[in-house]
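Novice: The structure follows.
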Amino acid sequence: MARSKIALIGSGQIGGTLAHLAGLKELGDVVLFDIAEGTPQGKALDLYQSSPIDGFDSRLSGANDYSAIAGADVVIVTAGVPRKPGMSRDDLLGINLKVMSSVGQGIKENCPDAFVICITNPLDAMVWALQKFSGLPENKVVGMAGVLDSARFRTFLAMEFDVSVEDVTAFVLGGHGDTMVPLTRYSTVAGVPLPDLVKLGWTTQEKLDSIVQRTRDGGAEIVGLLKTGSAFYAPAAAAIQMAESYLKDKKRVLPCAAHLSGQFGVDDLYVGVPVVIGAGGVERIVEIELQGEEKAQFDKSVDAVKGLLDACKSIDTSLA
Ligand code: A3D
């Protein structure tokens, strides 16, 4: 069986880390693409030269021409501009919308059968625009945010409880970051829901609330520390988990920005919900019932995404 081909559009901080992880996990051959000349070629060669040491077989190459991504099985998109301190994800909207237009065209012409994972911010709007620009089926274009948000939540919970991160599961819905909806009753330590752990005295409601807030602000915390860009290790790890589930037909149940057409009462929007990712792309959307406050927060999140899409439609009238 031929090796899978993974195309990475954008060879910056996340793109380079994606290539490294895809190689280390032997997910397939990797093509790094970027508009910056030399960057994708240089990163590909550097990473290729790490393969004899780490013992992985993956051909890595770099390109500035979309023809190089022809026939890719998976495309992961990070092309665009990241946040600088003081900048909101929405400030990025205008710049990155133009980038999505050219990326969508490149995918449409070269690998229309690919599974596409978008990471570029503002995520919920960019993944929606990328699906429209590329014309790929809605179940083959998905956004990465929930896996990262829930990983941040899991990390902070494991720190608080002093238990293995592996035994902490977290369930988040909604838009990325500020409007994320953590479902504490579905988040557990080895199957014990967080509200029960509060009752058991493992933590207090106040501490739990502050962990939720820290998770919401997780991206900004890292931007503030790095000063020159945004998080890249954990975002790359999250997208690779999604790609692996598709390539190996693992059918992982992961929170992703998925296209909703009626589910959760939402139509033609990308919102973070639990989905099953397998060889068919987004094979199923897990439509759970939301309770009072959860529903209110989810609706607020959906409204925020709608606001972003309205802004996109006014910038690019072909999307209206
Ligand atoms: P960065 O290191 O700047 O890499 C972006 C790359 O995109 C650069 O190498 C650019 O040259 C390249 N680029 C710009 N325009 C184009 C174009 N038209 N075609 C191809 N390549 C282009 O950024 P990064 O890797 O740190 O972040 C990439 C994106 O991910 C940003 O939009 C971030 O905001 C976003 N991000 C999202 C999350 C989520 O959880 C959703 C987390 C972290 C970062």
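Each Cβ is built from the backbone N, Cα and C atoms, and glycine gets one as well.
Because TrEMBL annotations are produced automatically, they should be read as predictions rather than curated entries.
Pasting the feature list from TrEMBL:
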ACT_SITE  H176  active site, proton acceptor
BINDING   G10, S11, G12, Q13, I14, G15, D34, N96, I119, T120, N121  NAD(+) binding site
BINDING   R83, R89, N121, R152  substrate binding site
DOMAIN    5-143  domain 'Lactate/malate dehydrogenase N-terminal'
DOMAIN    148-307  domain 'Lactate/malate dehydrogenase C-terminal'
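Looking at the shown structure, can you explain where the listed features end up?
Specialist: In this view, H176 (active site, proton acceptor) is surrounded by 28 other Cβ atoms within 10 Å of its Cβ, with every protein chain counted. In the three-state DSSP assignment, the secondary structure recorded for H176 (active site, proton acceptor) is coil.
Non-local contacts of G12 (NAD(+) binding site) by the CB criterion (under 8 A, 6+ apart in sequence, same chain) comprise D34, T39, T78, P82, G229, F232. G12 (NAD(+) binding site) falls within neither a helix nor a strand when secondary structure is assigned with DSSP, and so counts as coil.
If you draw a 10 Å sphere around the CB of N121 (NAD(+) binding site), it holds 28 other CB atoms from the protein chains shown.
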Novice: Can you list which of these binding-site residues (G12, I14, D34, R152) have a Cβ closer than 6 Å to ligand 1?
Specialist: G12, I14, D34
Novice: Minimum Cβ neighbour count within 10 Å among the binding-site residues G10, D34, I119, R152: which residue?
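Specialist: Counting other Cβ atoms within 10 Å of each of the binding-site residues G10, D34, I119, R152, the minimum falls on D34.
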Novice: Pull the DSSP breakdown for the domain 'Lactate/malate dehydrogenase N-terminal' (5-143) and write it out as helix, strand, coil residue counts.
Specialist: 67 helix, 25 strand, 47 coil
